[in-house]
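**Q** Input: one structure, supplied below.
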Amino acid sequence: MRFPQRRLLIRRVELTPPPRPCCLRTTTFSTTAAAASPDRRLLAVLRGCVSPSHLPLGLQVHARAVTAGLHATDTALQTRLVGMYVLARRFRDAVAVFSSLPRGAAGCSLPWNWLIRGLTMAGDYRSALLFYLKMWAHPSAPLPDSHTFPYVVKSCAALGAIALGRLVHRTARTLGLDGDMFVGSALIKMYANGGLLWDARQVFDGMAERDCVLWNVMMDGYVKAGNVSSAVELFGDMRVSDCEPNFATLACFLSVSATESDLFSGVQLHTLAVKYGLESEVAVANTLVSMYAKCKCLDDAWKLFGLMPRDDLVSWNGMISGCVQNGLVDQALLLFCDMQKSGIRPDSVTLVSLLPALTDLNGFNQGKELHGYIVRNCVHMDVFLVSALVDIYFKCRAVRMAQSVYDSSKAIDVVIGSTMISGYVLNGMSQEAVKMFRYLLEQGIRPNAVVIASMLPACASMAAMKLGQELHSYALKNAYEGRCYVESALMDMYAKCGKLDLSHYIFSKISAKDEVTWNSMISSFAQNGEPEEALNLFREMCMEGVKYSNVTISSVLSACASLPAIYYGKEIHGVVIKGPIRADLFAESALIDMYGKCGNLELAHRVFEAMPEKNEVSWNSIIASYGAYGLVKESVSLLRHMQEEGFKADHVTFLALISACAHAGQVQEGLRLFQCMTEEYQIAPRMEHFACMVDLYSRAGKLDKAMELIIDMPFKPDAGIWGALLHACRVHHNVELAEIASQELFKLDPHNSGYYVLMSNINAVAGRWDGVSKVRRIMKDTKVQKIPGYSWVDVNNTSHLFVAADKSHPDSEDIYMSLKSLLLELREEGYIPMPDLCCPTHLDNNNTEN
């Protein structure tokens, strides 16, 4: 198939000179010509004024009519003057001429129709409807005709006044005009755009004659409403009838095939386009290119593009967008350059298609170049282009540049607002996201589903559940909850706010769960101390036939590491090896972390060595695995190998190394690594690094050094740092420092029962029973309840949980008999119980491993 080369033919509208004696060689008039038959000649000239470029000639005709005294007497001339001003888009002048019409002229529908049409074209729908109502109220006005109703219905549809549209429909039916194709087409479009497909179909079925436009309007209504099956059924009826599809028909269905990536239907439509000779239509060809590109058949898209005329902007935009969607950013940039060389000037659509692909560091520089092109060539900055620029700067971590683009934009709408909110959340600026959301409300901009889904992660990061619940309520009122991305965001928000029950409730109510929804719920369970629920959900996901991804595998492996349950981890490892997907770097790193936390360093190292490619995450995982067991020498050796391979250590690397030194009690080595991180690598220490250093000093009994470090910290210490110090005070019996640490902990985390229990035990060991009573009184006043800790043991691939004095296990009698026998043997060997070292240290996520 080959598209013939086409050139755009522009038919020039020329004014044919009237016969003598009136000769219009120029735009001035001959006095003799005007005197011969002025009304007929002037009317003929006005009929030729059909565009804004003919306005000067129309103004001269109007002036000559006023001079000749015809303006107040010739009704046909005045009516045509109204039409001339409407076609020239001078609507105020049209209204002025209409207002000067004599009462008798109002008895004709033509001037009314001209004015209603003009006001509708100008977007002044309210005024158009007002003149329609005046048409009924005027004593000498005629009844509306088939030229009146299409524009009145269009105005009703534009204003969303469906009730008034129904009244107009009833009036047209009373006058017997509802069967007119133009009136019917307008009614169908109004009902379809308003979501009233049944009413639209009633009008369509009631039409005695149907042209291609009517079929297209009805099918387009079904497509826009998402009822593709009915649209396809109607298309079959159209083919059975005598009406042949045109380019608009095929373009409509090809766009559906492109959106759904339905290659089979797209090829069938391509065949129909060839059959009806429509493949050379630019609209059809452009949609075909888009369809093949979105169906990942870029070679076919290239072939079509090569056969198309190169003077069409939409064709270039479609091909550039196709390259971007298929990850061919370099080819998209080359096309962008070729486009300019061929003389086609890129517009905002071109740039909006190209910018989202430029998100890495090199893309940041290319994005700035495109921004420079926009400024130099004065490209119109519509809301979509502003949003695309803001989005790329946020994704490249250039927050100031994003804010600068936003500040320079003249207007803000919901699209720009949602992009700003998403960008702030992406860069950890949740407070700024909330401010932007409030600004949208102040400006009277109604948040849509995308804004709500963008705001919920900000609530999650700040643990602002009250605001999250308000957004949830807004989503319910506006029927946004049924959208998958909103539900996933709600699940994640509740999970991160500690409300796993609400998160799981929303998950259970979702009828059509996709991979993202499952992954979000599994990850929430794994990260919130419910690893068994995460594993059960993964089994359920597999049983329902939902395809899992590397994101799923990473979350499930994290749950196995938290149990720890190495047998489950090995099963999932087997699934990765034998399954349909190949593990990526992050899934393999999760495997290393799982084996490390389950105590099998040999398997962790074997997975690491078998990786074909490694990144910083995989190196950090193996270093942390060795560091968790205090193997400082091996961890530092891995750091050297990491550097030799060309990878640069980051803050996570040094966190694992310093933690390894804390476990091994190597204070000097930990201090050296901390100084190396800050001085040699220029990495600013975070709260986690200071917590590890406090733990390092505390485990070594250097509590004074730990306290000095806390005092000298550049920011206020959190509960983790004070908790590490309190734990060390229990081990080293430092009651004074324990008092200081506990007071801070009671302020920072007043509902964590573990800190109260730990401080109570420190006081009890020191014999300070008044201190014990004080802590218990504080717990009672703040309504804090002690949550019992539990221990578990894995026997024959099954985890068994126990709490203190637990007798719920079916084999509890045998277990306690064995325990008593073991205690007797220990005492015979000289074991002396030390209850002060056996009390729970702290309770993390409501669990404690004793």
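Cβ atoms here come from the backbone N, Cα and C positions, even for glycine.
A TrEMBL annotation is a machine prediction, not a hand-curated record.
The shown structure was predicted, so the numbers you read here are calculated from the model rather than taken from an experiment.
What TrEMBL records for this protein is below:
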- 211-245: repeat 'PPR' (REPEAT)
- 312-346: repeat 'PPR' (REPEAT)
- 413-447: repeat 'PPR' (REPEAT)
- 514-548: repeat 'PPR' (REPEAT)
- 584-614: repeat 'PPR' (REPEAT)
- 615-649: repeat 'PPR' (REPEAT)
- 650-680: repeat 'PPR' (REPEAT)
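I'm curious about the neighbourhood of these features; can you describe it?
**A** Note on the repeat 'PPR' (211-245): mean pLDDT across this stretch is 79.
Away from its own ends, the repeat 'PPR' (413-447) comes close to residues 383-384, 386-387, 390-391, 393-395, 397, 399, 402, 406, 454-455, 457-459, 461-462, 464, 467, 474 of its chain (Cβ-Cβ under 8 Å, at least six residues beyond either end).
Away from its own ends, the repeat 'PPR' (514-548) comes close to residues 484-485, 487-488, 491-492, 495-496, 498, 500, 503-504, 507, 555-556, 558-560, 562-563, 565, 568, 580-581, 799, 845-847 of its chain (Cβ-Cβ under 8 Å, at least six residues beyond either end).
Same-chain residues lying 6 or more positions outside the repeat 'PPR' (584-614) and placing a CB less than 8 Å from one of its CB atoms are 550-551, 553-554, 557-558, 560-562, 564-566, 569, 573, 576, 620-622, 624-626, 628-629, 645, 647.
Helix, strand and coil counts from DSSP across the repeat 'PPR' (650-680) read 28 helix, 0 strand, 3 coil.
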**Q** Please work out the helix, strand and coil residue numbers for the repeat 'PPR' (514-548) from the DSSP assignment.
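**A** The repeat 'PPR' (514-548) comes out at 26 helix, 0 strand, 9 coil.
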**Q** Could you give the number of helix, strand and coil residues in the repeat 'PPR' (312-346) as assigned by DSSP?
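**A** Computed counts for the repeat 'PPR' (312-346) are 26 helix, 0 strand, 9 coil.
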**Q** Counting by DSSP secondary structure, give me helix, strand and coil numbers for the repeat 'PPR' (615-649).
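**A** Its residues divide into 25 helix, 0 strand, 10 coil.
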**Q** With DSSP, how much of the repeat 'PPR' (211-245) is helix, how much strand and how much coil, in residues?
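**A** Helix, strand and coil residues of the repeat 'PPR' (211-245) number 26 helix, 0 strand, 9 coil.
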